[in-house]
Amino acid sequence: MDTGLCAPLRGLSGLLLLLCALPWAEGGKVLVFPMEGSHWLSMRDVVRELHARGHQAVVLAPEVTVHMKGEDFFTLQTYAFPYTKEEYQREILGNAKKGFEPQHFVKTFFETMASIKKFFDLYANSCAALLHNKTLIQQLNSSSFDVVLTDPVFPCGALLAKYLQIPAVFFLRSVPCGIDYEATQCPKPSSYIPNLLTMLSDHMTFLQRVKNMLYPLTLKYICHLSITPYESLASELLQREMSLVEVLSHASVWLFRGDFVFDYPRPIMPNMVFIGGINCVIKKPLSQEFEAYVNASGEHGIVVFSLGSMVSEIPEKKAMEIAEALGRIPQTLLWRYTGTRPSNLAKNTILVKWLPQNDLLGHPKARAFITHSGSHGIYEGICNGVPMVMMPLFGDQMDNAKRMETRGAGVTLNVLEMTADDLENALKTVINNKSYKENIMRLSSLHKDRPIEPLDLAVFWVEYVMRHKGAPHLRPAAHDLTWYQYHSLDVIGFLLAIVLTVVFIVYKSCAYGCRKCFGGKGRVKKSHKSKTH
């Protein structure tokens, strides 16, 4: 062999051995404290990728759960949950069922507020049971975790990270009551940033801006009731008065499952990272069963229909209306539904208990997507460029539908008031009107035009926090100011006092000068007149 070639090869081999011996690739330890439902499904992809990169992950979950089950890429650690599975599912699934019950707006509002209160109480009691489990807390403390990855919608993970003094990375869509804005000290002008649940866009009329400004006041009481249990628990554990905002403010990085293709543009802070579409990065080939359904659809293609994991059954009358509408279009309908089969179900409609939603939407034959407007489904529609018919049921789904409708990428239906004709017309509109396909493809192109995939970006920031043991340099000094310092009210008051003092001195000086200049002449004139008389 040519000795000139061997020398470089020997050098390259030595370099590779040296690189393998370096300690930089040593894995870290991640404590994962997830939220139930679709929140966990996208966080799970991050945990899987962290495991693939050599990190150890421990997922802390309640004994009673719907979606969180043990898998080979993490260790599942459970804790006692003070509710039965039936009670838990009743509370979790209750909001979805109410979406199909017609009732007055005022009643709906107060029932929604009561549901939010029950939801927070349920998780607050669960959190108290966990944090008072001294054996488990000692075990977690001795495990020397490098970072806590948690969803602050369930603030217990943030509280645990604060208590154990471990850097935290938050993985979220948003936090109720606007707490995420307060905890990040992110500006939120009500003139163009719509509040959650208002169903407003970023272009508001005067009356809409009035509504947007007053809306948080209507939630003030229920928000106070909802967060008080966590604040009491935080104060008890940390031995000082602690607000929930203060607990959440110690997050190193906030990973928001959003971007400005879907969300309205707004100010952001240095420790806020946007990973919208993270749930639709990983795609798999269709199984033989679903491939057969798609191929059999012919030139008309398929429509994917799913109202999310929280909707297991629809009232019979409404289900029959939906089935009637679906039977009127030429496309093949793949409907994820576990309820009673409608008696009028057409031949073109296939009921399945589960479907690979993202993979089906990514197929060239996907013509439309009927969705409840959850953020995961919306992003899968955007990623794959499929126009949507949206049937929002509760929570932020109404806001999500409003965003997509504003962008001309879908049609929104009121699930309570819609008829079979309404659904039929909406489907035909988004399928046959080319503008909807063009708009969603434009959004898809914008969304995909990025320097790094959302999953890689999320994993990078988790590893970043592990490497640097937090990210205090990204935390704005606004956290250390009082409310009057933040708004510079003390400075304004000081400057105003100076101005008023100067004005007062000038006024007094002028008054004194006037008296000196004109007061003496007046007295002279008066005395002169008295002498002439």
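Glycine is treated like the rest: Cβ placed from N, Cα and C.
Annotation source Swiss-Prot lists N-linked glycosylation site at N133 (among others), citing sequence analysis. N133 (N-linked glycosylation site) falls within neither a helix nor a strand when secondary structure is assigned with DSSP, and so counts as coil. Neighbour count (other Cβ atoms within 10 Å of the Cβ, all protein chains): 14 for N133 (N-linked glycosylation site).
Secondary structure at N141 (N-linked glycosylation site), taken from DSSP and collapsed to helix, strand or coil, is helix. Marked as N-linked glycosylation site by Swiss-Prot on the basis of sequence analysis: N141 (among others).
Around the Cβ of N295 (N-linked glycosylation site), a 10 Å sphere holds 13 further Cβ atoms from the protein chains shown. Positions annotated as N-linked glycosylation site by Swiss-Prot: N295 (among others).
N433 (N-linked glycosylation site) falls within neither a helix nor a strand when secondary structure is assigned with DSSP, and so counts as coil. Every protein chain considered, the tally of other Cβ atoms within 10 Å of the Cβ of N433 (N-linked glycosylation site) stands at 14. Taken from Swiss-Prot, the feature N-linked glycosylation site applies to N433 (among others).
Per Swiss-Prot, the feature signal peptide maps to 1-27.
The transmembrane segment annotation in Swiss-Prot covers 491-507, and the record cites sequence analysis as its basis.
Distance noted between the C-alpha atoms of N433 (N-linked glycosylation site) and N295 (N-linked glycosylation site) is 24 Å. Each residue contributes its Cα atom, and for N295 (N-linked glycosylation site) and N133 (N-linked glycosylation site) these two points are 54 Å apart. DSSP assigns N295 (N-linked glycosylation site) to a helix in the three-state reduction. On a Cα basis, N133 (N-linked glycosylation site) lies 12 Å away from N141 (N-linked glycosylation site).
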